[in-house]
Amino acid sequence: MENIMEDLNCVTVGTLKRRVRQRKRIHEIIRTKLQRNLSCSGSKVKSTLTGFFPVVKWLPKYKVKDYIWGDLMSGLIIGIILIPQAIAYCLLAGLDPIYGLYTSFFSNIIYFFMGTSRHVSVGIFSLMSLMVGQVVDREVYLAGFDLNEDSTKSAFGINGTGDANSTLVNLKIMALDMECGKECYAIGIATAVTFLAGVYQVLMAVLRLGFVSVYLSAPMLDGFATGASCTILTVQAKYLLGLKIPRHQGYGTVVVTWINIFKNIHKTNFCDLITSAICIIVLVAGKEIQDRYKDRLKIPLPTELVVVAVATIVSHFADLNGQFSSSISGAIPTGFIPPKMPSIELMPHVAFDAIPLAVISFAFTVSLSEMFAKKNGYTVRPNQEMIAIGFCNIIPSFFHSFTTSAALAKTMVKDSTGCQTQVSSIVSALVVLLVLLFFAPFFYALQKCVLACIIIVSLRGALRKFRDVPKQWRESKIEAIVWLVTMSSTALISVELGLLIGVVFSMICVVGQTQNPKVSLLGQIEQTNDFEDMEEYDNLSPVPKVKIFRFQAPLFYANKDFFLKSLYKATHLEPFLEITRRRKLEKKAREKAAKKTDRVDETNGDVTLNLISKNIDFHTIILDCSCISIIDTTGVSTFKMVLKDYKEVGVNVILACCNTPVIDSLRRGSFFGAGDKDMEQLSFHTIHSAVCFATSMTQTVNDSSV
């Protein structure tokens, strides 16, 4: 035993004492917070204003010589990219192109005043447009409108071939709040759901509910984005072929839409098909050149804008709409529609739909803000980001805009083109404003298939995630399964249910990992005081007569049975069965003793019982609690039961490496008994000190028996 003690290098060390913390009473905490939050002073008002409008703080410190050229360049480039995307993404949202321009304009201005990120590009986003479009189409269908695009009038009450004068007349009709057609109802739905999404986001910020985003894991978000991209691709495929198929309402949009496309494939418009093929080739070629020579190119290639300009000119002079019945964007008016309160009557219909919009919008915005802030060496305030994106939805909803979010592609372009501050957003908004005031009517002859090509090609990044599945499977099978389940449910069922299924499934996976964690017996590393898993490492020596058991998860009600089974299996000793076995042997010994003399019987009985007790080859179990971050009352009861049951069979149980929350839980559950003296014999700060205590206690018992 002395040799063992020497090998373990057991020395006496000082004891640690917990600090005594004075906990404030609840009414004192409430009073302190109320005084701090409800007090009013000049400095308080100033800090509140600068917190709510960060631009007030950073704009006076703007370094014109250092920042202006980078902001002008990135703002101009983003503005050029925004124009075709704003028009194209309205196809996804089921709205007229003018509303995409409104959305891009107002969101950039509001985020300039309220955002804390210097690089994030907030505006129209394909995923948000798709989710808004599904709500719009559903409500338009339930309202009794025909979903066939060519069967109704536009938002301004004019046919696709109307002129500017009738546009102005119908603008006045809308300003007088008179009845309008399908497109007016559609934008009413879009503004109502956008307003509610913004309200939800601001409420989440006020109530400090930003933690909700932590349940949106990266694999789940990637799978959701990829599944939504498959849906977007499917929804836009009909425009490539020039087919007039209403968007499917309900679950299984991808499957049903492709079935309808193949049923109507004989109605393909070859003008749209040829145009789509040419545009996709040009757009993909431009993207590939951009990716290959991005180090040499100082600015991104404006491929989308060139395609839109050339396609519009060709469509106008060749009269593709009149000659080949090719679907075109139609009249896009100039100027602004008077602001209007989102319809309160429509809000109950879309209150539930606004929840996933709000969550996804702020999740993408906050994650991108933090990503680029970390990359460029500054910090953002997630709570203020939630408020900013909330007001980017609330205020524009009064100006006929729909839901916005930060977009990864445009944010990366801003970062790579020298963006320094959100002044670039003002520049982008001015570019969009020029189109709104002067150039919008020139897009009248732009074919819808060209817009669909822009949308589909923009999905390249999300669809490329399919190539990463094998690598992800090798790195983490659970994360790969989460990605596959979320992607499949989003693409094959619906976007909203896909998000819900993805969140629930990823949480189930987390719970499943805590319910079946890794357990191990530890051995000592040679010539050290460290201990590791004997299954994972070679050259480890088991401590004689001591079992060191590690449980690598929190211990709570859901995994306490697994903990017990694993402990019994690792030690090859289940106390209840051992006690039962001993009782049977004792009974047999007594029955045998009754047939012999009392003296001989007593001797034989003692010998039998001694042999029974010597069957166990260890005297102490050390529970390594270093991986147990929390323990609930069920876990405390489990520890108490283990301590009691093993004690009945002559085995001591002690704890090692417990963190302070676990110790506090055990103390509240009376695990250590009345005082701290028992605690010093049941809990140790290191495995090594626990092993030394176990071996020294055995040495003391052996010496006293001798």
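Using the three backbone atoms N, Cα and C, a Cβ is placed for every residue, glycine included.
Computed from a predicted structure; not experimentally measured.
Now, the feature entries from TrEMBL:
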- 67-89: transmembrane segment (TRANSMEM)
- 109-132: transmembrane segment (TRANSMEM)
- 184-203: transmembrane segment (TRANSMEM)
- 223-241: transmembrane segment (TRANSMEM)
- 299-318: transmembrane segment (TRANSMEM)
- 346-366: transmembrane segment (TRANSMEM)
- 387-409: transmembrane segment (TRANSMEM)
- 429-459: transmembrane segment (TRANSMEM)
- 480-508: transmembrane segment (TRANSMEM)
- 536-694: domain 'STAS' (DOMAIN)
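Against the transmembrane segment (346-366), stretch 480-508 has more CB pairs under 8 A than any other of 67-89, 429-459, 480-508. If one looks beyond the transmembrane segment (223-241) by at least 6 residues along the same chain, the residues whose Cβ comes under 8 Å of a Cβ in the stretch are 91-92, 126-127, 130-131, 133, 247, 253-254, 257-258, 261, 265, 268-269, 272-273, 276, 327, 360, 448-449, 451-453, 455-456, 459, 462-463, 465-466, 482-491, 495, 498-499, 502. Here the transmembrane segment (429-459) touches the transmembrane segment (109-132). Their Cβ atoms form 3 or more pairs under 8 Å, with each pair 6 or more residues apart. Against the transmembrane segment (299-318), stretch 67-89 has more CB pairs under 8 A than any other of 67-89, 109-132, 184-203. Mean predicted confidence for the domain 'STAS' (536-694): the pLDDT average there is 81.
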